[in-house]
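Trainee: Let me give you the structure first, and then I'll get to my questions.
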Amino acid sequence: MWGVRALFGVGLLVTSRGACVRACTGTCPRVCENPYKASAARQACTMANTIKYLEFPFFGGGWLPSYSQEEAQHIDEELFSEYSFSVDQLMELAGQSCAIAVAKGYPLQSLLKSTPRVLVVCGPGNNGGDGLVCARHLKLFGYDPTVLYPKRPNKQLFHNLTTQCEKMEIAFLSKMPETAVPTCWKTSTITPVSKQSSAACLNDFRPVALTAMVMKCFEKLVLSHLKATLPPSPRMPFLLFHSALTHLDNRNTYVHMLCVPLHGSNIIIKFAHDTTVIRHISDDDETAYREELQHLATWCSSNNLSLSTEKTKELIVDYRKSKGCTHSPVHINGTEVERVSSFKFLGVHISEDLPWTLNTSGQEGIPASLFPEETKEGPSAEEIDEVYNLVVDAIFGFSFKGAVREPFGDILSVLKKVTVPIASVDIPSGWDVEKGSSDGIQPDMLISLTAPKQAAAHFVGRYHYLGGRFVPPALEKKYKLGLPQYPGTDCVCQLN
Amino acid sequence: MYCSQVHMSSLALTLSLSLSLSSKVEMEVLVTELLKDYHFGQQQLIEIWGHACAVAITKAYPLSSLSKKQPTVLVICGPEQNGSIGLVCARHLRIFEYEPTIYYPKRSPHSLHQDFTIQCEKMDIPFLSYLPTEVQLINDAYNLVIDSILGPETDLQDVKEPYSGILATLKQVKIPIASVDVPSGWDSDEASTDGINPEVLISLMAPKKCATSFSGKHFLAGRFLPYDMQKKYELNLPEFPGTECFIEL
């Protein structure tokens, strides 16, 4: 049996926040007899005299030693150097314990919201890595984690963990422009649904959308959000102009703009989709452009989309003083495309000389910034409360020291206001590793890894788990970790 | 409705198909993809597999069910990945309070695998320097043998000493044998003819084709495969209960 219990002589009983802690220095610990390897006990005695640590009560009786930041760092170093563990090995075990503890404390059936969404906030160091592994395991257990990972360290280990999560289709939040739409939203399986019980011809099938429903809804939501943040004058055509104009800055260039409406015919599938092909031409070389149109025509026909050439308009923007050649008309499917000097696109008038007068009233030119202002880092407290069932805090671990750097200061202040439970990995982020913090975040669950740190004495949440079941017995004896018995083969042990 | 009919029949089809069995080649391709595209690390995977194996063993042979006074277990490790998985399994068994002893005749030269050896040594797990050929000694000293000698990647033509000798000894032991991934000496794609006869088989990730001729307790261990991969390779894995990392098939 392992249970190494260290009992000490006289200590000072200090009450703080209802939790009793005993601060004491070691004299001579009483060690249980271990039939497998008893000789190491004497070695542990000398170590005990140099270590100063706190004990705090835990469920199941007894006192559990907890460690200072320095001791925790020594234990970690030894695991990697003497015991030859690798960071990814231990991180995998630690992250897995965190996920299991979360699953025990907040089982899927107990979650209040209709989807089992969980927010995992990952910091810039190893604690963040633990969070990434935890998110991956939570996904396997049936939860729906989203990771907020604003500062990613440039180390292969973290790149790998991030890739593993992304490939599990776990959404990552950082800044708006970096957010990626999951690939599964962009793919769709097309299943034709027949209108009658027996379908005789293609027209007996209902119209089919090529974009997945989710993506369509998403696009609508994004559009409404964008519209809300954009100033009155529409900016979408700006992107079109911006690309055209930057190209035109080069010598001997002009731009073709082809506005192609694609309509379904009555025979096949009905839908409407307008496509614009913009081609930047340099040095009068139009071959690529014409080839592309050919490809477009072929693609359309092979995908049962009928290109409406009659309604296609072409506009050429050519600022050159001496036109190299007269622009011959393009053909699509044998029919000539009408050239116009202006058309309407997305509600905006576009004409050959790209003026903006028709669309602006007295405003000059094109605004300098073409993109909406960057949104703030991460969601707000209300958003979190509305969307997620709980938050896993994997921001800072036991090596945290000093001031909190942005963007984590903001994130922590948001976390202080959320009402959904927070589960902290190893140390509640922002807390002093030894003294705790009275005005820091107050998590509902704490998952101490390897051994509890002194700050755990100040933890007042409902669940305190011990995770990271990989400590070699010799290490446990050396530092007199006094770890409790883990039940069966569980990787977590509840302490309160 | 047309659509729902199609759905129902395909669902029925999936249920009737039992777990699909993977060939050696498929497994190799899968693992390569895990390492290259999904960026899993080798040590990470071996840790996951070893840990899951150990948990499955405790389910198959709980501490209370062991007949000898001490919960001793003999773990025989081969030279390649299968052996390293055995090392990690032994380490976790130690944490779960078993008393593993390792026999690791030919150590792998890879530094990754050497780390696993050191971790075991530091966990105070004894390493045997030779395997007694007296089968009775093994029967008396240990409660069970964990066979992590040869895995699905082994080329069976290539099996040399000391493994052929070990396999011969194993065929004669009376205590139960639990094999990791594939029973050593069996061809992973075909049924076995005269190989060792384990009581328990712990398949990693997905069962191999040779599992059809296995008649003992069969576990599937290792819960980490992304759903994309499961669909892509049509693994049809069963649902793991709760937060468990293994399931009895």
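Every residue, even glycine, has its Cβ placed from backbone N, Cα and C.
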Trainee: According to TrEMBL, A:Asn127, A:Asp393 bind K(+); so which of A:Ser97, A:Ser413, A:Ser429 is the extra one listed there?
Mentor: A:Ser429
Trainee: Which candidate from A:Asp144, A:Asp385, A:Asp426, A:Asp432 does TrEMBL annotate alongside A:Asn126, A:Asn127, A:Gly128, A:Gly129, A:Asp130, A:Gly397, A:Phe398, A:Ser399, A:Phe400, A:Lys401, A:Gly402, A:Ala403 at the (6S)-NADPHX binding site?
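Mentor: Site partner of A:Asn126, A:Asn127, A:Gly128, A:Gly129, A:Asp130, A:Gly397, A:Phe398, A:Ser399, A:Phe400, A:Lys401, A:Gly402, A:Ala403 for (6S)-NADPHX, according to TrEMBL: A:Asp426.
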Trainee: Rank the binding-site residues A:Phe398, A:Phe400 by how many other Cβ atoms lie within 10 Å of each Cβ and give me the one with the fewest.
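Mentor: It is A:Phe400 that, of the binding-site residues A:Phe398, A:Phe400, has the fewest other Cβ atoms within 10 Å.
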Trainee: In the same chain, outside A:Asn127, A:Asp393, A:Ser429, whose C-beta lies within 8 angstroms of the Cβ mean position for the K(+) site?
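Mentor: Other same-chain residues with Cβ inside the cutoff are A:Val121, A:Gly123, A:Gly128, A:Gly131, A:Ala394, A:Ile395, A:Phe396, A:Gly397, A:Ser424, A:Val425, A:Asp426, A:Ile427, A:Pro428, A:Gly430.
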Trainee: Can you tell me how spread out the (6S)-NADPHX site is, meaning the largest CA to CA distance among A:Asn126, A:Asn127, A:Gly128, A:Gly129, A:Asp130, A:Gly397, A:Phe398, A:Ser399, A:Phe400, A:Lys401, A:Gly402, A:Ala403, A:Asp426, in Å?
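Mentor: Greatest Cα separation within the listed binding residues comes to 22 Å.
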Trainee: Helix, strand or coil by DSSP: which one applies to A:Asp130 ((6S)-NADPHX binding site)?
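Mentor: The three-state answer is helix.
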Trainee: Which binding-site residues from the set A:Asn126, A:Phe398, A:Phe400 come within 10 angstroms of A:Ser429 (K(+) binding site), judged by C-alpha positions?
Mentor: A:Phe398, A:Phe400
Trainee: Summarise the model's confidence over the domain 'YjeF N-terminal' (A:72-483) as a mean pLDDT value.
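Mentor: A mean pLDDT of 76 is what the predicted model shows over the domain 'YjeF N-terminal' (A:72-483).
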Trainee: Could you state the whole-number distance in Å separating the C-alpha atoms of A:Gly128 ((6S)-NADPHX binding site) and A:Asp393 (K(+) binding site)?
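Mentor: Here the two Cα atoms lie 9 Å apart.
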Trainee: Measuring CB to CB from A:Asn127 (K(+) binding site), give everything in the same chain under 8 Å that is also at least six residues away in sequence.
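Mentor: Result: A:Ala394, A:Ile395, A:Phe396, A:Gly397, A:Phe400, A:Val425, A:Asp426, A:Ile427, A:Ser429.
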